[in-house]
Amino acid sequence: MATAVHRNGSLTPVSLRVFVLVGFGGGALTQALLFAVFLVLYVVTVLGNLTMIVVITLDARLHSPMYFFLKNLSFVDLCYSSAIAPNALANFLSTSKVISFEACATQFFFFSLLATTETFLLAVMAYDRFMAICSPLRYPVTMCPTTCTRLVLGTFCVGCLNSIVQTSLTFQLPFCSSNRIDHFYCDVPPLLQLACASTALNELFLFGLCGFIIVSTTLAVLVSYGYITVTILRMHSGSGRHKVFSTCGSHLTAVSLFYGTLFVMYAQPGALTSMEQGKVVSIFYTLVIPMLNPLIYSLRNKDVKDALQRLGQRHSLVKAVRGCPAAGGNASV
């Protein structure tokens, strides 16, 4: 424990201002392999999500509420992984693996903000599908551009509020027992283990707030898809059912992956008993899921695949036009 020695010989705990991210341990070869894995995951994540953002922005046929939310999901995923991956990559190549108190708090703030935002954004996307399938006549009025913008801003506001509460409660604690965070980024469970004061309030808020967020948004998704399922069963057109399944199937896959990993990480106390297990799960929802989401929505969505094809053809046409000589430029006089 870090201490300060007074003139009378008494000792007082001193809160640490620097942390060491232990990560996964191992020798130089292990660190190099982890660096390669993280780098590939992060590069694919960045390219995939940037592609989705560009395609949806440039293709007028994708300017609808569903793709507006999908573009924002790609933006959140891009920022989400960028809050974790660059620092982790730098630590794999470093021997000190030091992160300052302020940098740790900043990383956790954005991580918590973006994770909460994505949780609510997925619920909003489920509501959008519910309105489109179950109330198609009211859909254009209900999900107008103003409403969609407000819903997205609302998810960010809720995420920011939750992040402020979690960050304030966590980083007001005195960290004096050790400065070694048994993780590859700053997260609440390993940080609470370093505190030399009672963490009961923090644990209550951690499991209470995270539990409420996960349960409430999961219920919203389940209710939305419950109504969607009933509507699908009443459809007489096979092509209509197939189209609904193709659009909703992608979202259900993304929801299942994201909510499932969050539930394992935060809603089950037993999952926190093993930090190594927590690290593996953390890789999944900080890097793997943001990497998979663009693939899930592009490979299983005909509109996105067609938009990608049109964008590719447009790019090829522009290159061909630029490569052609000016008319008459090579003609003999």
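Using the three backbone atoms N, Cα and C, a Cβ is placed for every residue, glycine included.
Values in this document were obtained by computation on a predicted structure and should not be read as measured data.
Membrane topology as recorded by Swiss-Prot puts Gly278 and Lys302 on two different faces. The most densely surrounded of the disulfide-bonded residues Cys104, Cys196, judged by C-beta neighbours within 10 angstroms, is Cys104. When the topological domain 'Cytoplasmic' (128-150) is classified with DSSP, helix, strand and coil residues number 17 helix, 0 strand, 6 coil.
Residues 68-69, 72, 101, 104-105, 108-110, 112-117, 120-121, 124, 188, 191-192, 201-202, 205-206, 209, 213 of the same chain lie 6+ residues outside the transmembrane segment (151-171) yet bring a C-beta within less than 8 angstroms of a C-beta in it. Note on the topological domain 'Extracellular' (1-35): its mean pLDDT in the predicted model is 67.
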